[in-house]
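Feature annotation from Swiss-Prot assigns domain 'ATP-grasp' to 9-244; the stated evidence is sequence analysis. What Swiss-Prot lists as ATP binding site is LYS46, GLY53, ARG54, GLY55, GLU99, VAL102, GLU107. Per Swiss-Prot, the feature Mg(2+) binding site maps to ASN199, ASP213. Feature annotation from Swiss-Prot assigns substrate binding site to ASN264, GLY320, ILE321, MET322; the stated evidence is sequence analysis.
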Amino acid sequence: MNVHEFQAKGILSGFDVRVPKGVVVRSVEEVDSALGSLAAGIVAVKAQIHAGGRGKAGGVKIGKAREEVADLVKSMLGSVLVTHQTSAAGQKVHAVYLEEGVSIKKEYYLGAVVDRKAGMVSVIFSSEGGMDIEEVAHSRPEMVVVVNVDPVYGFLDFHGRKLCYGLGLKKEQVVQITAMARKVCRALMETDASQVEINPLVETTCGEFIALDAKMTFDDNGLFRRPEIVKLTDPHEYSEEELEAAKYGLSYIKLDGNIGCMVNGAGLAMATMDIVKYYGGEPANFLDVGGGASKDTVREAFKIILRSGVDGILVNIFGGIMRCDVIAAGIIESAKEIGVSVPMVVRLSGTNYKIGKEMLDASGLSIVTAENLDEAARFVVDLVGKRG
């Protein structure tokens, strides 16, 4: 789950991370009141969407006079931002964050992410702030320092020294960066976040460090114990299909392609999308029905896939916990009830897969069965190509 910048800053400020004062507005009429609570001077006007790259897309501007800020807010609200992190359709702006300007001396990057392989929290620090950290790590790896933090002990002073001295910072800077990194680490661990990113973390001309931008991503599996985080969900940032999928416990992400994919297991779902693209197709979605899918779940999954106007459907199921014959029955019932009119290819493997395949072949429906994933991907891409 993602949250907006102003929400991430609200969370981080609760951990004593210093952020500029700001107010979120959702209409031009709110601008006067918002500016009245901010210090006079320049104001950063920031479109709030769940994607990075806003600045390059025109989603971050600087205003001074009230009229200028109001005009910027008016131009942003309702506009669609297309960045390198959005789909081609972009994301519509429903809220704008007005923030007091900061006198910047130097920009840094500070982030924390769960390293599942190491079983630790990786804290990343760079003296090249305001840029894509992956790009910096690729082009100038010497400017990025990473330390692994054991969540049992938390962020310790020696971690901070390693981060800062590796980039040649001064003693007074080390003290502040160490304190900031410790707070970021705590925020990640105590909110079940999977990522916290401050980019840029700025050093002001007064020598203070402030989070000028913030991003937080939360582990969906931990949300059941974080109701305060769930309340921050912005339905505007999700498609109708994604909201509907959440009601039935389905993991769904809408993509830009035309081949709908229904798979059980996130890893298998990603592999399925990869092989569809390998054969020249374009996945329309990521859809994981989970390990305990029922007939009802399969039916709702079909409805969600078809709602997005796909030209073909690929069902790839591995029967471990679930039985392939139960899935086959759900596919048949759903296809008859909904009336699937696009080509459908089904690949079943695992528990009772032979029974499931026989049920599909005997259903009288236009369902193509495949022996393996490679064959299934080729079939669906060919069928969609012929149809188009």
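Cβ coordinates are placed from backbone N, Cα and C, and glycine is handled just like the others.
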VAL102 (ATP binding site) to ASP213 (Mg(2+) binding site) - Cα separation in whole Å: 12
Three-class DSSP secondary structure - GLU99 (ATP binding site): strand
Three-state secondary structure, which DSSP defines for GLU107 (ATP binding site): strand
Coarse DSSP state, helix versus strand versus coil, of GLY320 (substrate binding site): coil
Among the ATP-binding set LYS46, GLY53, ARG54, GLY55, GLU99, VAL102, GLU107, as the record gives it, the longest Cα-Cα distance in Å: 20
DSSP three-state assignment for ASN199 (Mg(2+) binding site): strand
Other CB atoms within 10 A, centred on ASN199 (Mg(2+) binding site): 23
Candidates LYS46, GLY53, GLY55, GLU99, namely the binding-site residues, that fall within 10 Å of ASN199 (Mg(2+) binding site) by Cα distance: none
Confidence summary (mean pLDDT) of the domain 'ATP-grasp' (9-244): 93
Between ASN264 (substrate binding site) and GLY53 (ATP binding site), the C-alpha gap once rounded to whole angstrom: 32
Cβ-based isolation winner (fewest other Cβ atoms within 10 Å) among the binding-site residues VAL102, ILE321, MET322: ILE321
Same chain, 6+ residues apart, C-beta under 8 Å of the C-beta of GLY53 (ATP binding site), given in sequence order: THR83, HIS84, GLN85, THR86
Distance, MET322 (substrate binding site) to GLU107 (ATP binding site) (CA atoms, angstrom): 51
